[in-house]
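TrEMBL lists B:15-37, B:49-67, B:97-115, B:121-143, B:174-194, B:201-221, B:267-284, B:319-342, B:354-381, B:393-412 with the feature transmembrane segment.
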Amino acid sequence: MSAPILEMKEIDVFYGPIQALKKVSLHIDEGETVSLIGSNGAGKSTLLMSIFGQPRAASGQIVYRGTDITHKSSHYIASNGIAQSPEGRRVFPDMSVEENLMMGTIPIGDKFASEDMQRMFDLFPRLKERRNQRAMTMSGGEQQMLAIARALMSRPKLLLLDEPSLGLAPIVVKQIFATLRELAQTGMTIFLVEQNANHALKLSDRAYVMVNGQIRLTGTGQELLVNDEVRNAYLGGH
Amino acid sequence: MSAAKSTSFDLKRSLIDTILAGLISLIVFGPIVGVVLDGYSFNMEPTRVAWLVAGVMAGRFLLSLFLQTPKGQSILQGFEGSGSGVHVLAPDYKSRLRWIIPALIVIAIVFPFFANKYLLTVVILGLIYVLLGLGLNIVVGLAGLLDLGYVAFYAIGAYGLALGYQYLGLGFWTVLPLAAIAAALAGCILGFPVLRMHGDYLAIVTLGFGEIIRLVLNNWLSFTGGPNGMPVPSPTFMGLEFGRRAKDGGVPFHEFFGIDYNPNVKFLFIYIVLFLVVLAVLYIKHRLTRMPVGRAWEALREDEIACRSMGLNHVLVKLSAFTLGASTAGLAGVFFASYQGFVNPSSFTFFESALILAIVVLGGMGSTVGVVIAAFVLTVAPELLRSFSEYRVLLFGVLMVLMMIWRPRGLIRISRTGVVPRKGVAP
Ligand SMILES: Nc1ncnc2c1ncn2[C@@H]1O[C@H](COP(=O)(O)OP(=O)(O)OP(=O)(O)O)[C@@H](O)[C@H]1O
Ligand SMILES: [Mg+2]
């Protein structure tokens, strides 16, 4: 049993008077793919951002590879192996694919830039075709690939993905999840936030279900796929 | 039909264009040219208006015809294609700058041998605005922070020299770095409160900051001399003064070197130092845009939330942009003060901020070459066309409107060179 790469212990997060996360505890082991599912406003994005200290946890502890990172700067966290692809993709619209990828190297410097860019082009051949195209003019699916590739450019040990399927056609979602599976097989630890529970649970080793800022359920992907509550709430009952 | 279209002229369209242009020019010129004040009454001058309007219409007609020729078409397409923003060059693209920069340096070295004093001062002014444009370009063009009070840092540099001389006896060389530091500090002080602001709010706050500095300089009579301004010492070269006679029994420059007294030497000296500083700033900027901090500025301009998700410290990134931009303006201020030999608050009005912003916008946000060209166009052109100097603001307006139509992204499109793949990596 490998040690947890990330452990969150009883995290509370507030936006002003509103409590967005209530005593959230979870752990992600090295090499695992873990997903977090929940409806709109459950607090999934908040949880992901709180790993980066934005917003900061009011109480509780976040431990990453044995180090308490609860109060570390976002820059420290990013340059020590956690990367995320934020909700809504957020690629740099006026920059080309290559430039976007270069931006991804900011946390670690550009020592490995060309080599890593090549790896990204192998992983996402579509990006290679469009290496000089401006991100703004690319399709949603291509932008999502770019956002994931940009996150990977900082050579993360833990990859955080916020709703990679957002607003994409089913076929594109399938492609993206196929790539994520490929990525997971290379040993990458992935923490995936999704509304698309079906895809997420099939991909994941384990999953958490979040409701109103609290973890309601947890189990392996297979267990949750057949769980009645999950089926009714997130899988449309079929 | 479409085949015929490209060869024959669409006369009807040209005529419509011509009439429209005529109407617009009638509206614009009618009141300005057609009505001439004569004491307390006025005279109508319809013939003058008629000439102007006829000229405009003839010009528009010819232009319209020309644009329908194949050559005109290609020019038109060139304009239309320019809206597409940044374009990326192949990694091995050899920039024409390789030739242009050495050529410019040679011209700059040869230039003083041919220039008279007047031309020299005009070019000095142009270079000062190049500095200002480069500095503001970091803040507005790269980091995307709209700063309307940029002139404040320019004023800090200029008054730094005047005040430093008056109260502390400091000279040009001491103040040059100090002014850069003082302006950088001011940039920091302004930067902190505006970190959370964007767009309009940021613009208003910086506008206010610029006005505060000017008003303080204007009203603190006992310290800054108020609207009367302050004298500024001439620069010195290794302690040698450029005046006809040195103060305190020193040896002036011309006697030391045994040459005839020449009042131009002061300007020549400012020109040389200024040119070197501009080169240094250009180089530093060139380096910075290729370093992570330069990339961080652009990332911040494009998407702040994405930056946060990469753990980018946006506080540091914004502050560094503000500070670097401000210190460049501080340097420019010192040169401006020594060039004028005198400073007063009226040199640091909002119009000046607007002019510098116009340089950045005209030059193409973020483009260095564009900024350099625009700085010269906007400062040197009005000087050379002295007799039209009242039309300077009009010239501005016209340039801006034309730019927004044809070159919405500035004279020179920003182009970045692609990443060079390393050896051993398959392309
Ligand atoms: N910056 C903010 N300021 C105040 N409240 C916020 C802020 N961001 C999120 N919230 C609130 O926190 C709660 C959780 O939001 P969050 O974005 O984490 O939900 P989510 O699970 O990611 O939803 P979705 O699936 O729609 O993305 C919501 O009630 C939201 O209104
Ligand atoms: Mg969310």
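Cβ atoms are placed via backbone N, Cα and C, with glycine included.
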Checklist outcome for this item: Contact count check, CB pairs under 8 angstroms to the transmembrane segment (B:267-284), set B:15-37, B:49-67, B:121-143, B:174-194; argmax is B:121-143
Checklist entry - What stretch in B:49-67, B:97-115, B:121-143, B:174-194, B:201-221 has the biggest tally of Cβ pairs under 8 Å against the transmembrane segment (B:354-381)? => result B:121-143
Checklist entry - For the transmembrane segment (B:121-143), which partner among B:15-37, B:49-67, B:97-115, B:174-194, B:319-342 gives the most CB pairs under 8 Å? => result B:319-342
Next on the checklist: Suppose I define contact as three or more CB-CB distances under 8 A, residues 6 or more apart in sequence; do the transmembrane segment (B:49-67) and the transmembrane segment (B:97-115) meet it?
Outcome noted: no
